[in-house]
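Visitor: This is the structure, below, for whatever I ask next.
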Amino acid sequence: MTLFFFPCLFISGLFIDQYVPDYGQLGVNLIVWAIFLRILWQHSPVLRVKLILCLVYATLGELFLSLVWGLYIYRLDNVPLFVPAGHVLLFITGLLVARRLPNWIIWVVPSLTLPLVIFNVFHQIDTLSSLLSLIFMLCILFGRWKKLYASMFVMALSLEIVGTGLGNWYWLPEVAWLGINSHNPPLGAGAFYCLLDLLVVLTMQFIKRYPFLFRPFSRAIPATEQAS
């Protein structure tokens with residue numbers, strides 16, 4: 001699969017989900033999961049562990065952020081089945097893109113987005129993004145996979161703009177529990193994906209360090225990987 005396959009899949013899938021009545025979402029669910037399972041089957045055991053972790057965290061995150069916290073709502077008031085698997089495909093896209101990016105992209109992304117975040121916060125348009133941008137900057141400053149975070153931030157925001165523009169989901173203007181507001185989508189929405197990537201990476205490190213606690217997963221990681 002080429003690098004351009006996934007963006008085309010994301011956009012066409014969201015379009016079908018929104019504009020094809022009755023069975024549109026079901027069809028997208030089946031297609032996205034079929035692609036996810038094929039990738040899971042074809043790749044190395046190490047990548048399989050990463051993708052499974054990404055799927056678990058993405059599912060839990062969607063259930064909490066949408067159904068519990070209520071930051072955003074999907075058009076059918078559910079969490080579509082294609083969404084968690086779609087997060088995994090976006091994670092794979094981020095890995096592919098990050099390898100091709102120059103190092104200077106690490107600082108270009110925050111340099112372009114932070115002034116907009118400050119403007120929105122100052123005018124009380126999108127105060128949620130101040131917290132999300134802080135998460136993003138912490139990942140950039142202290143994380144080891146800086147290009148991955150920078151690329152994911154941009155791709156995730158682009159996907160958010162498409163999804164909210166088509167009407168697949170929308171962010172509520174008032175943020176529950178915090179008493180702040182949000183744009184639709186918030187400019188810092190990509191920080192959630194950075195946090196997802198960070199959780200996957202940290203969990204992989206934890207599995208390598210304490211393999212006896214995660215025997216089914218640690219067996220899939222070669223000894224050379226565990227020693228690194």
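Glycine residues also receive a Cβ, built from the backbone N, Cα and C atoms like all the rest.
The transmembrane segment annotation in TrEMBL covers 26-41, 53-73, 79-97, 104-122, 128-145, 152-172, 187-207.
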Visitor: Counting only CB pairs under 8 A, let me know which of 26-41, 53-73, 128-145 has the most with the transmembrane segment (152-172).
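Guide: The stretch with the most contacts is 53-73.
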Visitor: So, do the transmembrane segment (187-207) and the transmembrane segment (53-73) meet, by the test of 3 or more Cβ pairs under 8 Å (sequence gap 6 or more)?
Guide: yes
